[in-house]
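> Quick one: structure below, then a few questions.
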Amino acid sequence: MIRIGHGFDVHKFGGEGPVIIGGVAVPYEQGLIAHSDGDVALHALSDALLGAIAAGDIGRHFPDTDDKWKGVDSRELLKDVYRRVKEQGYKLGNADVTIIAQAPKMAPYIDAMREAIAHDLETDIRNINVKATTTERLGFTGRKEGIATEAVVLLIKQ
């Protein structure tokens, strides 16, 4: 049996950089405003994993009303989510993450993001794809007000 999950997240810029995305610190003049470290890529990926096992979203499991999660490293959240996936008898088939941002430029950091995600999801890097695109200066991402990310995962019953 296979299951598919989709996730989406967005955070606006504010404060000081760097931007933490895909488990990697990307130099930029601003960071992302969030209760956790604001890693939109890992938040979308975590939501996709939770969606695939019909377990809600990260807001349900790690609410921003709980100070326990204030400033938390999103890689720890992702690992916890993947533990839940494995408890349901699934493993990751593949994941595809799309980062939507006018800035900062992501290309130099994509390989490091893939490595971090593959490590945290206990899989081969060939099962992880990360790509970045812009909105051609349209909308809030085009105006450099924030970053959005979408993620899709395929889970395989073990």
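Just so it is clear, glycine is given a Cβ too, placed from its N, Cα and C backbone atoms.
If you look up Swiss-Prot, you'll see Asp9, His11, His43 marked as divalent metal cation binding site. Residues or ranges marked as 4-CDP-2-C-methyl-D-erythritol 2-phosphate binding site in Swiss-Prot: 9-11, 35-36, 57-59, 62-66, 101-107, 133-136, Phe140, Arg143. Per Swiss-Prot, site 'Transition state stabilizer' is recorded for His35, Thr134.
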> Applying the rule Cβ within 8 Å of the centroid of the Cβ atoms of Asp9, His11, His43, what extra residues of the same chain belong around the divalent metal cation site?
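For the divalent metal cation site the neighbour list reads Val10, Leu32, Ala34, Gly38, Asp39, Val40, Ala41, Leu42, Ala44, Ile147, Thr149.
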> Of Asp9, Asp66, the binding-site residues given in the record, which has the fewest other CB atoms within 10 A of its CB?
Asp66
> Suppose we draw a 10 Å sphere around the Cβ of Thr133 (4-CDP-2-C-methyl-D-erythritol 2-phosphate binding site). How many other Cβ atoms does it contain, all chains included?
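For Thr133 (4-CDP-2-C-methyl-D-erythritol 2-phosphate binding site), the count of other Cβ atoms within 10 Å is 12.
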> Do any of Asp9, His43, Pro104, Thr133, Phe140 (binding-site residues) have a CA within 10 A of His35 (site 'Transition state stabilizer'), and if so which?
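So far as Cα distances go, none of the binding-site residues lies within 10 Å of His35 (site 'Transition state stabilizer').
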> Between Ser36, Thr134, which of the recorded positions has the fewest other CB atoms within 10 angstroms in the structure shown?
Thr134
> Pick from Phe62, Phe140: which of these binding-site residues has the biggest number of other Cβ atoms within 10 Å of its Cβ?
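Within the set of binding-site residues, the most crowded position is Phe62.
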> For Asp9 (divalent metal cation binding site) and Asp66 (4-CDP-2-C-methyl-D-erythritol 2-phosphate binding site), what Cα-Cα distance in Å is obtained after rounding to a whole number?
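Spelling it out, the Cα of Asp9 (divalent metal cation binding site) and the Cα of Asp66 (4-CDP-2-C-methyl-D-erythritol 2-phosphate binding site) are 19 Å apart.
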> Express the distance between the Cα positions of His11 (divalent metal cation binding site) and Thr134 (site 'Transition state stabilizer') as a whole number of Å.
15
> A 10 Å Cβ contact count, applied to the recorded positions His11, His35, His43: which residue has the minimum?
His35
> 10 Å Cβ neighbour count around Pro104 (4-CDP-2-C-methyl-D-erythritol 2-phosphate binding site)?
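So the number of other Cβ atoms within 10 Å of Pro104 (4-CDP-2-C-methyl-D-erythritol 2-phosphate binding site) is 21.
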> Could you give the Cα-Cα distance between Thr133 (4-CDP-2-C-methyl-D-erythritol 2-phosphate binding site) and His43 (divalent metal cation binding site), in whole Å?
18
